Amino acid sequence: MQDDLDGIVRHRRRSLSFLQIVTLTMAGLVAFDPAQVLAGHPTTDSELQTAGSPRPPGLEHCVDQEERRVARRLLYISTLDGRLSALDIAKSGKLRWSVPTGPGPLISSSIHRLELTNNGQFVRMIPSLSGGIYKFDGDSIDPIPITAEHLLSSSAKFSDDLVISGGKETRSYGVSVRTGQLLYECSLNGCVNSTEEGLAIDDTIREPDEEDQLEDGEQLRDEAGYIVRHDPLLDDVIIVRRQTQTVRAVESRTGVERWNFSVGQHELDLVRPSECQLQPRDELELAVLDVDIKVVVPEGIICAFSKSEPQTMLWKYKFDHPIVSAWNTNADDELQPIDLFSSAQWLWDQDENDTELPNAPQSPPSIYLGMYDKQLYIQESIRLRQEIMDQTKVYQQLTGDTSLMPRIPWKPISASSKSLVIFRKDQEDPEMIAEGAVAQGGELVPYDDENFAVAAQSVLNASEFVNGNGFYFYTTGDLNGPQECSTQNNPTDLPAITAPTSPTNATSEGTEATGNHSVNDDLGFSLDDIDAPVKVVILSLWFWWKEIVVIAFTSAVILNIFMGQRNQRVEREYLVIERHVPVQTAIEATEASTQALLGPVVPMQRPGNRFSFPPGQANQRTISESTTHSGEHYTSRFQSDFELMQCLGRGGFGVVFEAKNKLDENRYAIKRITLPNKESSRQRVLREARTLASCEHHNIVRYFHSWTETPPTGWQEEEDRKLLAHELSTSIQIETPDDSTMPSLTEQLKEKRQQQLLSWVSDAANSTACSHDFHLPGESSLKNIREEYDYDEEEDSLIEFRSESQSAALRAEEEDDTDDDYEEDEEQQGDHEKRHRSSVSIDIHSASFDLKNINYSQHQLVSNSFQIESVRPKSSGSDDANDDNKARRKPLTLALAQNHNNNQNGSQPTPSSATILNGTVAKPSKVYLYIQMQLCRKESLRDWLRDNRSETRAAHIGDIFHQIVDAVDYVHLKGLIHRDLKPSNIFFSQDGQIKIGDFGLVTDMADIPNLVAKCGDQSGLPSCARHTQQVGTHLYMSPEQLLGQHYDYKVDIYSLGLIFFELHVYFSTEMERIKTLRSLRDGQYPKDFAVNYPQQYDLLQQMLSAQPEQRPQTKQLKSQLRNILQLPHLLSEGQSEQAELAERARRLSRSRTFSSSSEPHQ
């Protein structure tokens, strides 16, 4: 028994010894790290430090699924837009997941636009992502010993009118490494857990396909096909810490923000299950350790290379935003950051055997300067950031020399792949990192001094040249340090880093480095001036003594030359005056003053179209002055740049031509307007060009260009005669009788119908004679005026004050009426002889003649003169008197001298200057304004209404009126009033689109006074045109305009109502149109209109209301028209705007039936 027990004991002892040996062997295998042997690289200091640290106890091999250990092969990337992304290194860099972080991008700044001035040199402020501030003056980038924390805590350093606000915010995120699910988010407001059922990742079952079969290892799924949810006990978690620093500077009085910047950075930490620590790596995970990651920061490119074969690129991935940071796991399953600045050396380390490449620098760059979304920012290396923090502490204590702050000269190295070296798998297969980039010979793209200056100026001005690009920089210590130790490892051998320096520069740099610097010298500007956008630092006024002397001397010389030329011009003006002529001045324009001024009016007796004075005036002296300018060498820009095609007629205040540009061969509408000499009147005429230039709407005539011309006197008139000879038929006399070739009065009466010049030839303003009665065709304008003012046959005289254009227009109307009633006048000659009137027209220059008690300041004159016409009734005394009055029916025109003196007592007149040569008046040269506009069809909306009946218009009324209202709405939104809306001012473009033109009467709403005089008051001018507020076509003017009351933009609504009515009603004759519209203004609608158009009738009641406040606005009008006329809505799906315009043009073309195809009018 004893022997059996002893045998059992010995057996147990052997078993325990064997178990102990096995345990020791296993412990040795576990302590030995096979990854270092398989990876084939020596152990680094960080790995030794990590290996020496104690590991927490845990279970071995607790997780068998490969996807649970996916953190070992992921690459974490932080981009500038604030997102954190994960790339699978083993899956050719495929994007595993990407999560955003708040509150937004890592950079949001306006401080880079803050321009400070240091002794006349601009200084640009650039923030860094770590919270620091740098200043750049074009020569160097210098750190400022101020951070965001200092700005928020030390407000006493700034001026009293600046308040600093902001803060530092930290947000933490928990992200599942395997699924990319956002587990929680913690901020100042608390933590939000996203693992509830409603916020969990959306797991759906999809039909298995080839893509799913290829990505079986992409996500861990259960038997039912669902993605396995995050397990906090088994899955790894990435802790993302987002630190954001925000600083805002605002004015203490107004609260206006001067500048701001907000920067942020990401910090990552990997949390693994505490029970699963000692897990072996498989072959795929061991291969991941052999991958070297390189980064192209500005382009967001990640490149993976093999450590064993550095020239072989495994894969590449490109982000849409620049890269800020990158992390991966090491052999100890711990996160380690990737040095982005080592990528600058990596480019030159790829091909060390190439003799053409210079030696690469041995130290990484210090900072990176980039631009993102037009915002400059800086990233520092860890070494430089620590050095700046140490020097900042010294600066705050004021115990050290501030010159020890690191200085970074402007010697950039491009960080873009467009200047990288070619990487080759073999000698015949070049491959670039950036697609589309081209390299030659495998060499670096060097920077020279010119490229340095261009890049520096672009950064200083924050231009688009550097937007999306980036540069690396070295500090002065990095550039100078290797020269003292070893010249072979000098990084300045690279052409992209150094530039040749002269011995003088070297000496000055050495002096600067060893000299003493103050705080302001180190900063380059005072801290009190950082709040100002632009400030100039001037130590003394004597600093600019050279500039002051040059400016004073130059100003004296220019002033002396200008005054000398002005005196010479004045002398030349007086030298042309040869003689004086006595002229009687008038206080009031009456018949007595006219006779005293001119003497008895007698018919001309001298043949040959010359003036004949009475014998009593034979002793009067005559003067002669040559003021004519030769037009032989004058060149008109209109004639040199354009080829005249035809005259389109009158528009606004001038003549409209169709002309083809000789350069682009396109046809345009050119409007020519004569500018008045009076400055206020000239500005009102220029208003049309300025209004067209400021309007950009598809239903308003397009404006291209404008210019002015000042031809010699008589040159433009001669060109107009040539034009008329070409345009008009030979049956019409086109020659304009002037003052020197005036025919006899008897011949004028016989040839009155043939000696007409079309009103649109002269560039005078439209006739705006005031009359509440509209002149109908066939009625005499002279009869209307006589009836309006209740003229009596026994009245002695009538004196009318009109501009030249008004007199010309009135005479043209009289002549037209005389032609129509010629036969009737012959039958009733006895009656008409009693009413024959003789008139004397006196052309007085408004610039030099003054009539008291007459206010002409508000009269808008296109010409610089007006006429006094003395109209006397005909007496039936004798035949001689009848003949005399017949002869005086055509007015004589005499030009009085300029600069008359008032003679109230009627004594001997004082001599004045005159410019008369051979009986003609020498007028000053006219200034013409040319406006180049879009060429529309010659037919206007008035022609379209005349040639299309109501049934033909029905399909187009809504489309046409909608475009008109849309254009008027745009004009009102710009604060303007058209004031002359009528069918003749609405045109069609070449593609049939509505175009509103003729902005000659447009005005600003703010320019209208609260009170205007009524039309035809007692101020001396019976014309509505005396006020710019009382203009436009009378038939379409609102009641408040006609009554001279205050008005606003509602006058255009009234005109739109009349146009809207015309679109629905067809008029067979012009007489019917005018009578119907005049009745409509009085509230009388045509019979059956309210029955046929009930909705239109209700709308017109509002638009034509006598009370402006009852008229709708354009927005309300468009809303009502949409329901009434069924206006076109948005374009149908798949139909382009061009197709819609083409269809509209075809519809309008089919509806237009002009004279060749229209029905005969009744």
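Cβ coordinates come from backbone N, Cα and C, glycine included.
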Record-annotated phosphothreonine (source Swiss-Prot) among candidates Thr44, Thr746, Thr915, Thr1028: Thr1028
From Ser797, Ser1023, Ser1079, the one Swiss-Prot labels phosphoserine: Ser797
Asn353, Asn948 - residue that Swiss-Prot labels as N-linked glycosylation site: Asn353
Candidate set Thr507, Thr818, Thr1114, residue annotated phosphothreonine in Swiss-Prot: Thr818
N-linked glycosylation site according to Swiss-Prot, picked from Asn260, Asn855, Asn905: Asn260
Selected residue, Swiss-Prot feature phosphoserine, from candidates Ser624, Ser681, Ser838, Ser1158: Ser624
Asn193, Asn766 - the residue Swiss-Prot records as N-linked glycosylation site: Asn193
PLDDT averaged over the residues of the topological domain 'Lumenal' (40-537): 69
Cβ neighbours of Val656 (ATP binding site) where a neighbour is any other Cβ within 10 Å: 23
Binding-site residues: Leu648, Gly654 - member with fewest neighbouring CB atoms within 10 Å: Leu648
